[in-house]
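Shown next, in structure tokens, is the structure this report addresses.
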Amino acid sequence: MANYFNTLNLRQQLAQLGKCRFMGRDEFADGASYLQGKKVVIVGCGAQGLNQGLNMRDSGLDIAYALRKEAIAEKRASWRKATENGFKVGTYEELIPQADLVVNLTPDKQHSDVVRSVQPLMKDGAALGYSHGFNIVEVGEQIRKDITVVMVAPKCPGTEVREEYKRGFGVPTLIAVHPENDPKGEGMAIAKAWAAATGGHRAGVLESSFVAEVKSDLMGEQTILCGMLQAGSLLCFDKLVAEGTDPAYAEKLIQFGWETITEALKQGGITLMMDRLSNPAKLRAYALSEQLKEIMTPLFQKHMDDIISGEFSSGMMADWANDDKKLLTWREETGKTAFETAPQFEGKIGEQEYFDKGVLMIAMVKAGVELAFETMVDSGIIEESAYYESLHELPLIANTIARKRLYEMNVVISDTAEYGNYLFSYACVPLLKPFMAELQPGDLGSAIPEGAVDNAQLRDVNDAIRSHAIEQVGKKLRGYMTDMKRIAVAG
């Protein structure tokens, strides 16, 4: 099979990369009705599989779970989760032939095996659904021409998909129809009904493409969402300890600092995050972020280039074929880092202290968010897609670090995201070491003293922060998410 994106000509590539339309709420007036009375079978009962299924059932849809015979016979976790929640569970052979919509919510590396197993069992004219398009775009999976292929991609972990639905809301969602597989022209109706059944239409839905979702998703998770947080955690911890900070305090400042900082980011973008600083600290954070952007631009561009060309995917799939040797080695090495093994700090760190003593961390967030956004947009991805794959998801990933450090982040994210995270962080850490050596007192671990500031300089910095394109599009998109709850757990 050939990488689907690479089979397209340049015009087709640009058209699919640039497909992005914010859908009006009136387009979801029929809710999930298009799928009511039809049989929906979900393959996979992980975080997305279970929580999407719960939402869809609560929206009036007929949901069942198809699992491998071994998973049922051995009563594995997927079987237990589905049965304990009252769902019908059966083998592929028992459930797939009757399904009107088969939703594949297994991990990326299992998609080819799953699709090749279920496709011969699917009835003529059925639909196949994904929540991430890697299998279609990067693997180039060929789907029977009578099958409609759609995607509904919530821009949050599965647990958030469920919690927001229970509150009567939802999470922002991308939907798409694979242009090679829409024989009856009903793909968009299916995708809209599925998105409505998960509650996504209440928070905002983007009509996108499989290509745009995959390329932007890979870029976001490799750089700002996971790679930058991992590299920043390791660099900042080592810097603090080297300068005499108690390792336990340093660990807590970083572990919970990302979450506290990005909670402000979630509520009001980079503008609000920077406004939490004193004026002297804001000017310093801005200067540091500009330095970081200059240093890291080639690295961000390399990741985007390798994602667009398919180089990243081919390398990762080669590691899949080699029993994840690289991935497992990097995972083990990360677990042995000083940050991961540092003792816990029993004292309390106040919310403002995370900002005052984390100027460098704020600069890293600002630089990483803006660079990821800019690099995606420069590659033809529309601003709304770039926003969701950079700034929007960052607080959710930071929340995983607050739970159990980098270990938890790498457990929660997909293997695809974890592999890309390691590629980025292993390159970024040595790249930034000279920069770290030149830091000034007050950049990290201590507060910058109050002092006089130049009014014109402060005005210009404020204007630069607020006029960035990600702040403009973010303000619009956050208007649809004002009901989302705070997710911070730091005390």
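For all residues, glycine too, the Cβ spot is worked out from N, Cα and C.
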One of Asp182, Asp217, Asp238 listed by Swiss-Prot as binding Mg(2+) 2 at the site of Glu389, Glu393: Asp217
Residue counts for the domain 'KARI C-terminal knotted 2' (345-484) under DSSP, helix then strand then coil, are 101 helix, 0 strand, 39 coil
Rounded Cα separation (Å) that holds between Cys45 (NADP(+) binding site) and Glu389 (Mg(2+) 2 binding site): 24
I need the nearest neighbour of Ala47 (NADP(+) binding site) among the binding-site residues Glu221, Glu389, Glu393, Ser414, using C-alpha distances. Ser414
Around Asp217 (Mg(2+) 1 binding site), which of the listed binding-site residues (Arg68, Ser78, Glu389) come within 10 Å, judging by Cα atoms? Glu389
What number of additional C-beta atoms lies within 10 angstroms of the C-beta atom of Gly158 (NADP(+) binding site)? 22
Spatial neighbours of Glu393 (Mg(2+) 2 binding site), counting only the recorded positions Arg68, Lys109, His132, Gly158, Glu221, Ser414 and Cα distances within 10 Å: Glu221
I'd like the Cβ neighbour count for His132 (active site), meaning other Cβ atoms within 10 Å of its Cβ, all protein chains included. 24
